[in-house]
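Annotation source TrEMBL lists active site, phosphocysteine intermediate at 159. Residues or ranges marked as substrate binding site in TrEMBL: 56, 57, 58, 59, 81, 82, 159, 160, 161, 162, 163, 164, 165. Among the features that TrEMBL reports, domain 'Myotubularin phosphatase' is placed at 1-370.
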């Protein structure tokens with residue numbers, strides 16, 4: 001950590017320097033000749049706002065001193081922290097809930113009176129800042145994509161800890177850079193790699209357990225204990241939940257936000273994804289359903305090391321078993337998918353070598369996720385449709401919305417992680433110079 005004393009790690013600096021110098025041709029290192037894509041284009045991405053990065057210095061953290069990192073520049077993306085994202089989503093849900101409550105009140109009018117159906121307040125949706133946050137993530141990923149693909153250079157990504165904004169930017173960039181990650185199998189591997197294995201704190205961020213008091217171990221209550229103690233602990237925790245805001249500290253819709261960002265790219269390039277919108281929506285549902293063990297823990301150790309018994313990975317079912325089973329595989333395939341568009345040998349106008357460049361200004365609310373019509377949330381005001389009901393799932397007051405009908409149906413890119421840093425390397429052969 002840098003901190004106020006400007007601490008250094010020579011080992012880290014040498015490691016990054018070695019990665020950033022892979023553009024050099026092995027046969028011409030003595031003359032410092034560079035392959036296509038000069039190392040001056042290498043960038044270090046700090047996902048945080050500049051003020052946050054500077055403020056963290058007082059806590060013993062901080063950011064890189066670029067005097068110690070040769071042939072690289074630093075870029076701040078200004079993506080807000082987990083608390084801002086949580087509050088933003090709460091505002092979106094509150095805007096939706098107000099319309100539903102008004103619709104419920106209107107439905108109880110006296111017979112013969114005209115039914116006044118409320119209109120969703122899209123100004124309230126805009127004030128939530130949710131689309132602005134999505135745009136910032138897409139724009140940051142676009143910066144990474146351009147540097148890797150166009151400049152054939154390296155990108156190092158980090159935020160404060162490396163398991164929230166770093167994972168969002170790294171994974172979304174790979175979706176756009178590599179067509180494999182736009183297939184059903186590839187996307188599953190990407191989530192397992194960049195989110196599950198690399199330590200995204202699903203347990204904390206999703207708020208699966210608000211308190212250990214919800215559960216009473218047999219060793220605490222005796223062999224003959226009933227469920228009364230657990231029930232009392234549960235209700236006591238519910239009462240205290242509204243008196244204290246401490247349970248909100250770690251919850252945040254980080255992975256939810258990643259899925260929404262992928263949906264933005266998918267909507268802009270509908271023929272480039274093997275999976276459809278329903279695939280992402282189902283993944284969002286099972287993020288909070290707790291039916292599978294994939295999204296229940298903070299670390300790989302928690303999944304694979306048992307505490308006095310078999311590890312959780314042996315006692316729970318993987319969510320990928322569900323997605324790879326019938327009829328789910330048939331329901332999540334995109335009929336418009338055209339893999340020929342990703343052929344690197346295509347020479348016709350518009351060919352992009354399988355790399356997508358999303359437009360960060362073209363972001364819209366994922367209306368299917370929230371159970372609303374597209375025009376209602378994004379277009380020219382339509383009225384609330386009574387059949388589209390929002391079902392709220394409590395998760396430490398980070399309320400999550402789903403579309404009810406769907407809920408009822410059951411490369412040339414090398415990516416490495418080092419101490420919370422996501423590093424993209426793109427090795428260019430000598431004959432491509």
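Heads up, the Cβ atoms here are built off N, Cα and C, so glycines get one too.
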Exercise. Which one, from the binding-site residues 56, 58, 81, 163, 165, has the smallest tally of other C-beta atoms lying within 10 Å of its C-beta?
Worked result: 58
For this session: Note the mean pLDDT of the domain 'Myotubularin phosphatase' (1-370), expressed as a whole number.
Result: 83
Seminar exercise, completed: For residue 165 (substrate binding site) and the residue listed as 'active site, phosphocysteine intermediate', the CA-to-CA distance in whole Å is 6
For this session: Mind computing the max CA-CA distance among 56, 57, 58, 59, 81, 82, 159, 160, 161, 162, 163, 164, 165, which the record assigns to substrate binding, rounded to whole Å?
Result: 21
Seminar exercise, completed: A 10 Å Cα radius around the residue listed as 'active site, phosphocysteine intermediate' captures, of the binding-site residues 56, 58, 81, exactly 81
Exercise. Given the recorded positions 159, 161, and counting only Cβ atoms in the protein chains shown, which has the most within 10 Å of its Cβ?
Worked result: 159
